[in-house]
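Asker: Annotations for this protein, taken from Swiss-Prot, read as follows:
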- His90: active site, proton donor (ACT_SITE)
- Phe24, Ala58, Leu59, Glu60, Ala82, Val83, Val84, Asn115: 5-amino-6-(D-ribitylamino)uracil binding site (BINDING)
- Glu87, Thr88, Arg129: (2S)-2-hydroxy-3-oxobutyl phosphate binding site (BINDING)
Amino acid sequence: MDHGFYPSNLDGEGLRIGIVQARFNEPVCAELLEACVAELEKLGVEGEDTLVVTVPGALEVPLALQKMAESGQFDALVALGAVVRGETYHFELVSNESGAGITRVGLDFNMPVANGILTVDTDEQAHARTREKGRDCARAAVEMANLVVALDSLRDQEDEEDEDDDE
């Protein structure tokens, strides 16, 4: 049996990326953003094709992502933030609800959303993960934007073939 294979495509040229950065735990979030934007540039995403908006915290990220997705101006989105465990249940609430909201935006709008909301026990853990997570999110956004385009083109080809069969 023959199988097709679509290799990962990390060419960011021409892609438009929206980034929502939470400001809570600002030093960590600034490092996440710096790493993400630097990696997007390395992948060929132009600065003018990237829009960064900030929100107060992780729970506000999904709404900003939703508004960006509704605009139709982006090929992929990135969520950046940090939730550090405290002494109350709030950590679980913020982690779970922000994650669910981020996932819902991607599925509701058929748009790649890279989740870079760190959920960690300590500030030290957060700082140790910022560079890698920021880069990973940039790469995931570009790869998934290209994959969605490729898969949509398969559907479009199938639709054209169906139209040809109807004639």
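All residue numbers here begin at 1 and follow the chain in the order shown.
Each residue, glycine too, has its Cβ placed from N, Cα and C.
As the structure is a computational prediction, the values presented were derived from the model and not from experiment.
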Asker: At 10 angstroms around each C-beta, which of the binding-site residues Ala58, Val84 has the fewest other C-beta atoms nearby?
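Answerer: Fewest other Cβ atoms within 10 Å, among the binding-site residues Ala58, Val84, is found for Val84.
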Asker: Using all protein chains in view, find how many other C-beta atoms are within 10 Å of the C-beta of Glu87 ((2S)-2-hydroxy-3-oxobutyl phosphate binding site).
Answerer: 6
Asker: Please give the maximum pairwise Cα distance, in Å and rounded to a whole number, for the 5-amino-6-(D-ribitylamino)uracil-binding set Phe24, Ala58, Leu59, Glu60, Ala82, Val83, Val84, Asn115.
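Answerer: Answer in Å: the longest Cα-Cα distance is 16.
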Asker: Tally every other Cβ atom lying within 10 Å of the Cβ atom of Val83 (5-amino-6-(D-ribitylamino)uracil binding site).
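Answerer: Excluding its own Cβ, Val83 (5-amino-6-(D-ribitylamino)uracil binding site) sees 26 Cβ atoms within 10 Å.
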Asker: Sorry to bug you, but what's the C-alpha spacing from Arg129 ((2S)-2-hydroxy-3-oxobutyl phosphate binding site) to Val84 (5-amino-6-(D-ribitylamino)uracil binding site), rounded to the closest Å?
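Answerer: Between the alpha carbons of Val84 (5-amino-6-(D-ribitylamino)uracil binding site) and Arg129 ((2S)-2-hydroxy-3-oxobutyl phosphate binding site) there are 12 Å.
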Asker: May I ask you to report the DSSP-based helix, strand or coil state of Leu59 (5-amino-6-(D-ribitylamino)uracil binding site)?
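Answerer: In the DSSP reduction, Leu59 (5-amino-6-(D-ribitylamino)uracil binding site) maps to helix.
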Asker: With DSSP assignments reduced to helix, strand and coil, which class does Thr88 ((2S)-2-hydroxy-3-oxobutyl phosphate binding site) get?
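Answerer: Looking at the DSSP assignment, Thr88 ((2S)-2-hydroxy-3-oxobutyl phosphate binding site) belongs to neither helix nor strand, so coil.
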Asker: In three-state terms from DSSP, label Val83 (5-amino-6-(D-ribitylamino)uracil binding site) for me.
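Answerer: Going by the DSSP assignment, Val83 (5-amino-6-(D-ribitylamino)uracil binding site) falls within a strand, counted as strand.
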Asker: Between the Cα atoms of His90 (active site, proton donor) and Val83 (5-amino-6-(D-ribitylamino)uracil binding site), find the distance and write it as a whole number of Å.
Answerer: 10
Asker: A 10 Å Cβ contact count, applied to the binding-site residues Leu59, Ala82: which residue has the minimum?
Answerer: Leu59
